Every structure is written in C-alpha cells, then in structure tokens.
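Enquirer: Handing you a structure now.
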Amino acid sequence: MSWQWRRRQWPSPLLLILIVLHLVSSSSAIDFLYNSFSSVTNRTDVILIEDSRVESTVISLINDSDPLSFGRVFYPQKLTIIPDPTRNPTRLSSFSTSFVFSILPDISTSPGFGLCFVLSNSTSPPNAISSQYFGLFTNATVRFNAPLLAVEFDTGRNSEVNDIDDNHVGIDLNNIESTTSVTAGYYDSVNGSFVRFNMRNGNNVRAWIDFDGPNFQINVSVAPVGVLRPRRPTLTFRDPVIANYVSADMYAGFSASKTNWNEARRILAWSLSDTGALREINTTNLPVFFLENSSSSLSTGAIAGIVIGCVVFVALIGFGGYLIWKKLMREEEEEEIEEWELEFWPHRFSYEELAAATEVFSNDRLLGSGGFGKVYRGILSNNSEIAVKCVNHDSKQGLREFMAEISSMGRLQHKNLVQMRGWCRRKNELMLVYDYMPNGSLNQWIFDNPKEPMPWRRRRQVINDVAEGLNYLHHGWDQVVIHRDIKSSNILLDSEMRGRLGDFGLAKLYEHGGAPNTTRVVGTLGYLAPELASASAPTEASDVYSFGVVVLEVVSGRRPIEYAEEEDMVLVDWVRDLYGGGRVVDAADERVRSECETMEEVELLLKLGLACCHPDPAKRPNMREIVSLLLGSPQEDLLTGLTPAAAAADSTAAHA
C-alpha cells in the first residue's frame, strides 16, 4: 500500500526528462516585439554599435553628418540555431522575424546602399570594411565558411559583385555577392501577379523572414506597409549549405553603411520569435518620413468646398501661371551657365539632351554605381553611344575645383584612354559624358569564371594598352597626371577588346618636375602602394605599383586580396614568395598555362609585375621603361636585380 502511495507521488523518469527539456527550452526562448524604440536602452534591450542610435521612437543606423559611417544593432540575447552542435551540427532550429524599415536618400539620383538583416556569432564580424558592404563584409567574392548570414535589402547596384539592379532583396552567405537575389516586390494574394515597388522613397516597408532550419530554407517576403502579408514569398532559398554559415548561437540584428552620399536608414518596429507565431506589429501609428499622410477633421462638405475652390482658382490663374513658369524656366536655363564655367573645356551638353539619351536616367540604362555616383548608358540623337556618370558636389567651390581638373582631363587624347566627350551641370550635380565601352571592364573577363575566359594573347594586349595609356598620362602630356585608382575594374574594353584606362575621378595634375599638393590617401585596398600608408604624396611610382598589381592579376587570374578564414592571401606577397622559391610560373592562371607553348613571356610579365610592386618606390621602373620592355626592347636592367634572393629580401622588407 505504501509503495503504491509513493508511486503516485513521484513522476516517471520520462516525465521528469520532458519537464527539464521544457524548462531548458523555455529559458532560452526568444519572443519579443518592439512597436516603438522610445524606451529601449543600450545593452539591456538592444546592442547599439558605432553610429546606430535611438532617435525618438525609431533606430537610425547611419550618421548622415559622417561621410564614412556604419551602424549595427543586435538583440542582446543570442538565438539558438544549432541545439546540439557536437552530436548533430547540421540539425538547425527555426525562427521567424518581421520588421518595418524606411530608406530615404537626400538626392534621388545618388548611389544607394540599403541595409541588412543579419545573423552573426559576433557583434563585430571579422574583416568587415566598416563604411562599405553594409558594414559586414569584405570586397572579396570568394566565399569561405564562417558564421555570418544576411538578408540584404539593397538599394544600390554594384556591377563588381553582380548585383541584378539597384532595388533588390538577396541572401548573402558571408559574402557581399548574393547567393540569390530578386527585384524588390511582392506577389499579389488575389491574382498572383508580381508587383514591384521602390524601397528607396522613404515609405515604410514591411519585411517577413522565416528561417526553417530543419529544411535548410529561408523565405523572405517584402511589401509596402498597408499590404497584407503575401501568401507567396518574394524570395525562397533552400540549400543545406546554409549549415556552413551558422553557429550554435548567433546574434540577430541589422547593419548598414555609407560613403559620401546620405541615405537615412531607420528601423521602426521589430518582432522576433523562435517559439512559434510572431507577435503582430501595429503599423498604424508608425512615423512616416516621406509624403506623410495627414489626418483631417473637416467634414466631407468642407473638403468638397475646398476642392472646388482650388479648381476655380487654378482655372483662373492657370494660363498666366503657365506663362510665368515658362519664363522662369528660360531664366533658370540662362543662369545655369555661370561665368566661371566659361573658363573650362567648352563642350557642354544640355540636361535635356542627356535625359533623352538615357531615357530620363532610367534604371534600365544603369550600368553601375558606387561611391562615385551612378553611370548610365545613353544613345545620342546621332545614334552614337555614350556613358553618363552622375557626380554630386555639396559646395560650389568644390564643384569649381573639380571642374577645373576634369576640364583639363577632357583635353587628354590617347587611344588607350576612355575619351571624355563633355559634361553637363545641373545645380550641384555634374554629369560627365564618356565614350561607351561595349565590352565592360577587365575584371569581368578575368575573375568569377566568365562564360568566355580571356585568352592569353588578349591579356597580353590589354597589359600593353594600359601601359601605353599610363605612359601618356605620366610623360606624354603637358602636365603629369596621377591616376590614383588604377585597378582592373577601371580598365574598360572597347568593341575590339582593346584596353582603355578610365575613371579619372581621383586623378591629380601637376607640372613636370613638380609634386602633387595632396597627401590624402585614396584608392582601392590591394592596389595602394605601401608608401601611401605613411602619408606620402601620390606619385608616378604609386601609379606604377597599382599597374604592377593589375599585371599580376591578369597573369594569375587572382584578385589583389583574397580573404580566407585562416589567413588572407595578398597577391603581391604570394607571387613574390613563389618567385623567391624559384616557382614564379606556378602563379600563372591555369587557363594561361594550358594555352601557352612556352612560359617565357608569362614569366617575364610576372617578374615585371613584381618589379613594379617593389616596396621601395625609387626602385620601381617608370612607365617609359615598362612600355619599352613590353614592346620588345631590351631592358634587362629592370629585372636583373630581381633575383629569387632579392625577392625574398623584398618580401621581408614588405612585412617589416
């Protein structure tokens, strides 16, 4: 009898296990709703990093007063993504989240940036370039397994990472280049049609993300606030590879970055749950940062009277207003050309001419965008093709100085430079007009497994072309032109696949025998000469260094920096080490090695690239010597000092 009584008092072992599991599960569960951020505090309710901050009821990710800004915000408690990482590392758990965001640029035609929802095992992801790539990633397009996964809401098009357009949603697996992406829009729940919309007009946008761990699937839906959640997701990604980019516990949050262009990015509300159904966001009273809807207490009759009165008023003054408007437009056009502009290179296009050529700067004509601005393809009335680059300057003085240099460069004439045809100014926006290069940029033919790899003879020719163009800039014109941003993406290919050096937005001019008056470091990581890190002024030698990196890129088929989980690969150091070991031809692209009957020319160019990248700028060849060597003239003195032993010493000096 007593045994039976005790049995009734104690639960079974199975029940105890279930209770413990339930308690553990409950203690780690996350289920929250922020319909406003007015009362949140840093580190307690959310983790605010860098420039992210609470502004009234919303979280602002970016500081518009800082030209290079980034911000992140995370929920302080980590999500459990892999419940049992030791015994079953590929069994993932699930969660759902929904949030409302707003993206509003200062200038509608400026480059866009966007924001990301992110899962990361760290609030400071390693190797992230803070002011670019959403403040999360590097500029490498080679993926490596690490716990970082993002859903990007991208409002800029970067052709270097194969963005599909400047208004899309994508899945990023520890890489700025999306694994999959789709134009922003939603599927109508009634007729099933796909409705596109603009994420970059300041209007509130609602996003829903379902992370289905057991099925390795991510569903993303996005729609303007006011649209019910679509039945069909905007984007679905299903692949077991997801398991490679998550860890046992991960922070959930948002990240964004910017360069010189202002684009406010705000999180207005956020809900997340890993226990089941989401708590619903109330979007009724959320702030609106563009075209605010104003409520009215006026009666229908009063509103009708106001409308009728307005119609009568417009009818009375319409014709006169039209005449005044036409007069003001003519005066504005006349005032648009200021006296100081007449000093400069005179080929000035009208805005109407460029608008017609680009279909009013249509997204369908967009070639690319970046920190410099947007580039559009255009067709003039004479059927000639052009590329129009839109650049914004905040001050008239800065615009005038920029115009002075651009006008000088407009007089540059060489077959291996992208020819500038003219310009147009509209207020503080400058539009530069160039010849259109139909075959894109060199990097598109070298990296990322292009459909038609560039054969060796064309690679060799492009190196020659760029060398001759750069030699002209350094030695062949009235002034010395320092390009300062030589890289494979700034080398464009014409209809005959001949290389032309383009993008002179960072270039500086000075007299022969003089020196540039700037020490500001600009350019692209991986191409910058080491002496620039010590505030040295850019010179012909720093351009030669960048050219040497391009030579090594073209011959090896590898990027200047390839980021990896354990150690980054710096191209110059890698080739120098191979040369120091007597194996420099091993650096050549496999496609090149299989094509060439002899490796002598390949070895010569690799050695030339190393000579151009010498750590000591005084020991680098100049462009005259380089062109002479490439054209076949004996220049043994350029390379005689470049022995394997010397390469090893250079490598030591470079890392000192």
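Going from the start of the chain as shown, residues are counted 1 onward.
Cβ atoms are placed via backbone N, Cα and C, with glycine included.
What you are looking at is a predicted structure, and each value in this text was computed from that prediction instead of being measured.
Below are the features listed in Swiss-Prot for this protein:
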- 1-29: signal peptide (SIGNAL)
- 30-304: topological domain 'Extracellular' (TOPO_DOM)
- ASN42: N-linked glycosylation site (CARBOHYD)
- ASN63: N-linked glycosylation site (CARBOHYD)
- ASN121: N-linked glycosylation site (CARBOHYD)
- ASN139: N-linked glycosylation site (CARBOHYD)
- ASN191: N-linked glycosylation site (CARBOHYD)
- ASN219: N-linked glycosylation site (CARBOHYD)
- ASN282: N-linked glycosylation site (CARBOHYD)
- ASN293: N-linked glycosylation site (CARBOHYD)
- 305-325: transmembrane segment (TRANSMEM)
- ASP485: active site, proton acceptor (ACT_SITE)
Enquirer: Looking only at ASN42, ASN191, ASN282, the glycosylation sites on record, which one has the least crowded Cβ, with the fewest other Cβ atoms within 10 Å?
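Expert: With the glycosylation sites ASN42, ASN191, ASN282, fewest surrounding Cβ atoms within 10 Å: ASN191.
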Enquirer: I'd like the Cβ neighbour count for ASN219 (N-linked glycosylation site), meaning other Cβ atoms within 10 Å of its Cβ, all protein chains included.
Expert: 17
Enquirer: What are the sequence-distant neighbours of ASP485 (active site, proton acceptor), meaning same chain, six or more residues apart, C-beta distance under 8 angstroms?
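Expert: When sequence neighbours closer than 6 are ignored, ASP485 (active site, proton acceptor) has ASP503, GLY505, LEU506, ALA507, VAL522, GLY523, THR524, TYR527, SER546 within Cβ distance under 8 Å.
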Enquirer: Taking the Cβ of ASN121 (N-linked glycosylation site) as the centre, count every other Cβ atom within 10 Å, in any protein chain shown.
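Expert: Result for ASN121 (N-linked glycosylation site): 16 other Cβ atoms within 10 Å.
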Enquirer: Rounded to a whole number, how many Å is the Cα of ASN282 (N-linked glycosylation site) away from the Cα of ASN191 (N-linked glycosylation site)?
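Expert: Cα-Cα distance, ASN282 (N-linked glycosylation site) to ASN191 (N-linked glycosylation site): 26 Å.
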Enquirer: Same-chain residues six or more away whose CB lies under 8 A from the CB of ASN63 (N-linked glycosylation site)?
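Expert: Same-chain residues close to ASN63 (N-linked glycosylation site) (Cβ under 8 Å, separated by 6 or more) are ASP51, ARG53, SER69, GLY71.
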Enquirer: Let me know the model's mean pLDDT on the topological domain 'Extracellular' (30-304).
Expert: 85
Enquirer: Nearest of the glycosylation sites to ASN121 (N-linked glycosylation site) by CA-CA distance, picking from ASN42, ASN191, ASN219?
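Expert: Ranked by Cα distance from ASN121 (N-linked glycosylation site), first place goes to ASN42.
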Enquirer: In three-state terms from DSSP, label ASN42 (N-linked glycosylation site) for me.
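Expert: Going by the DSSP assignment, ASN42 (N-linked glycosylation site) falls within a strand, counted as strand.
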Enquirer: Quick check for the class: what is the C-alpha distance, in angstrom and rounded, between ASN42 (N-linked glycosylation site) and ASN191 (N-linked glycosylation site)?
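Expert: Here the two Cα atoms lie 45 Å apart.
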